[in-house]
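Below is one structure, written out as structure tokens, with a few remarks after it.
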Amino acid sequence: MNPPSGPRTQEPSCVATPASPSRWDGYRSSTSSLDQPLPISPTAARAQAAAWIPFPTVDVPDHAHYTLGTVILLVGLTGILGNLMVIYTFCRSRGLRTPANMFIINLAVSDFFMSFTQAPVFFASSLHKRWLFGEAGCEFYAFCGALFGITSMITLMAIALDRYLVITHPLATIGVVSKRRAALVLLGVWLYALAWSLPPFFGWSAYVPEGLLTSCSWDYMSFTPSVRAYTMLLFCFVFFLPLLVIVYCYIFIFRAIRETGQALQTFRACEGGGRSPRQRQRLQREWKMAKIELLVILLFVLSWAPYSIVALMAFAGYAHVLTPYMNSVPAVIAKASAIHNPIIYAITHPKYRMAIAQHLPCLGVLLGVSGQHTGPYASYRSTHRSTLSSQASDLSWISGRRRQASLGSESEVGWMDTEAAAVWGAAQQVSGRFPCSQGLEDREAKAPVRPQGREAETPGQAMTMAMAPWDTPANCELPLHPGWAFH
């Protein structure tokens, strides 16, 4: 007669013990089944579960875990190194430390932390084919993914609004956009993202494992009123609303660029009756720079679109048709949004490429950028050349603005003239070198000008000091929009 056997222990690859029934019940259907052990005490049961696997597993081939783990590792390394390079280059280069570029730096910071907090954990869990870091680790992992993902989306909306205001309302932004105001906007961005990332900690939805159960996210699979309400509000206020704002801004941005392109086509130079090669190059450059940010935004939205579709399918009641692969693959694609920013700037941003060649010469060689003409002196000249070109272009724009202001109230006219004089005073210093602008300047000189106070003199003097004789273009130029200088 065989002696009675003791309590059976479970192999690690077969155990699936949810940590909290209220949170993990929705995932039990996709986990492996357990053999029924002999009765043991509750204390021993808890110790046995903690000693093995405290989270459920899913029955899929090993190569599925390894493939996703390899992809997320490559994405994470690219995101960490690439965004660190963006942060370092923008902070070290004096010509790139502008209020507008603070938004780009913030985007790189959020993308860096997205890669730093998500990729290593996802990779380690994929190698072990199960979640390794317990319930608290799952909640923190999902919280970081939500916080940094929302921050990136709202930062892209702020970038679009900044471009919209500078390009379509250039005079209204003179002296308004500063580093302090940009910092306040970014503080609001982080607080907004934090406000939408904290509710799952307080019972409104939850942070739970997803897909192959090697990563975590908010609970979009449950069909409870609380979870569905959080999912819908989250998509409305952190995805669809920012996306609508971005679309609105870029519609008007490209309208302004198109109108200027049409003006270039009808413009004739002083001698010869055609456009100079430099005019065509400037127009092409402004088009390219306006498209850089749009490309970043489009890739970000496309990266998150599959994940959004999956979550909305679950919201609509079709969670039962979603497989673990359909949950995990879109999550990996969404996390890959963190690598687009540094890649696009390394390929298309001219000042960023020059700064890389200056501060990171080895990478400059790989990018095909020579550091020979990227020293501080060259950067100084390039910055002031852009400033001078921008001020000279204000000649035509201020004329139209003054005529519009004359139709408004007295207070509006005074404010517009004060702002315009700041740029007008600087532009007059070089007007003699722009023959095409001379006629416009003469006409403006004949018009009555409202007396200006000290407020208008100080910005004009500051802009005049920023100019240098070698920065003045010698050929005739068509003024372009003053807000189109990419910072």
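Note that Cβ sites are derived from N, Cα and C of the backbone, with glycine treated the same way.
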LEU161 / PRO361 share membrane side in Swiss-Prot: yes
Among CYS91, CYS216, CYS236, cysteine joined to CYS138 by disulfide in Swiss-Prot: CYS216
Contact check, the transmembrane segment (328-348) vs the transmembrane segment (184-204), 3+ Cβ pairs under 8 Å, seq sep 6+: no
Residue pair LYS335 (N6-(retinylidene)lysine), CYS216 (disulfide bond) - Cα distance, angstrom, rounded: 12
LYS335 (N6-(retinylidene)lysine), number of other Cβ atoms within 10 Å: 27
Residue distribution over DSSP helix, strand and coil in the topological domain 'Extracellular' (205-233): 9 helix, 8 strand, 12 coil
In contact by Cβ distance (the transmembrane segment (140-160), the transmembrane segment (234-254); 3 or more pairs under 8 Å): yes
